[in-house]
Amino acid sequence: MRANLIEIFESIQGEGFYIGVRQLFVRFAGCNLNCYYCDTPKTSENCLDLTANRTLKNPVSAEYVQGRIDSSKVHSVCFTGGEPMLQAEFIASLSKTHPFYLESNMTLPEKAKKLKFCDYVAGDLKVREAGLKNYDEVFQKTVKCFKVLRNTRRRKTFCKIVLPDKFDADEVLNSAYEIKNYVFGFVLQPVFGSRVEKILKLQKRMIDFADTRVIPQVHKYLGVR
């Protein structure tokens, strides 16, 4: 089994409820969405293993990734992207010698069914202002994904909402309410450099039905990957 990867590296988690835990990051190439604020390349001829200081030709073998997982001293293995669900079969082929932490845009419900074994799910709820085509269809797929990968005693699932300067607070509130029973909490994440006043007002409304926190991309402030 092989997969197209952008990079492999060890660092701390810089987003969401688990900020600061040490993780092995496996960043997949390719995404089914095109959010205007995305800062990750979609394709790469090579995969950079930044911790091992190696350059690998894509696609990278599951055996290589498994070796990196087994040798790492980390809290968990973070599968990120891109969109890791596009290569769900690759993730499913790996052995969980460390807990698996999935970061996903939550728009591929059929793929989500193959990843129920993940221990942590950091799932996105995209806002209309992200500039996606067929937004209403995307949102319905997101609801289905959260239902498949809902929070349980064995799987910790939360929702991250990336917010630009301008967004429809009522629509975000109503969308979050639809998935509140599938997550243990929400993270409102400002697009890097955005103002937060409107986000703080939204948080005040959302805490009526869920643990809701405003958390920026901390790794960018620290200057780490």
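Each Cβ is built from the backbone N, Cα and C atoms, and glycine gets one as well.
Going by Swiss-Prot, these are the annotated features:
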{"type": "BINDING", "residues": "I12, Q13, G14, R27, T80", "note": "substrate binding site"}
{"type": "DOMAIN", "residues": "18-225", "note": "domain 'Radical SAM core'"}
{"type": "BINDING", "residues": "C31, C35, C38", "note": "[4Fe-4S] cluster binding site"}
{"type": "BINDING", "residues": "T40", "note": "Mg(2+) binding site"}
{"type": "BINDING", "residues": "G82", "note": "S-adenosyl-L-methionine binding site"}
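Note: the Cα of C31 ([4Fe-4S] cluster binding site) and the Cα of the residue listed as 'Mg(2+) binding site' are spaced 10 Å from each other. Compute the center of the Cβ atoms of I12, Q13, G14, R27, T80, which mark the site for substrate; besides them, the chain residues with Cβ within 8 Å of that center are S11, E15, Q23, F25, C78, E103, H219, R225.
Proximity note: of the listed binding-site residues (C35, C38, T40, G82), T40, G82 have a CA within 10 Å of the CA of R27 (substrate binding site), given in sequence order.
You'll find the Cα of G14 (substrate binding site) roughly 16 Å from the Cα of C38 ([4Fe-4S] cluster binding site).
Here the Cα atom of the residue listed as 'S-adenosyl-L-methionine binding site' is found 16 Å from that of Q13 (substrate binding site). Summed and averaged per residue, pLDDT over the domain 'Radical SAM core' (18-225) gives 95.
Considering only the binding-site residues I12, Q13, T80, the residue whose Cα is spatially closest to the Cα of the residue listed as 'Mg(2+) binding site' is T80.
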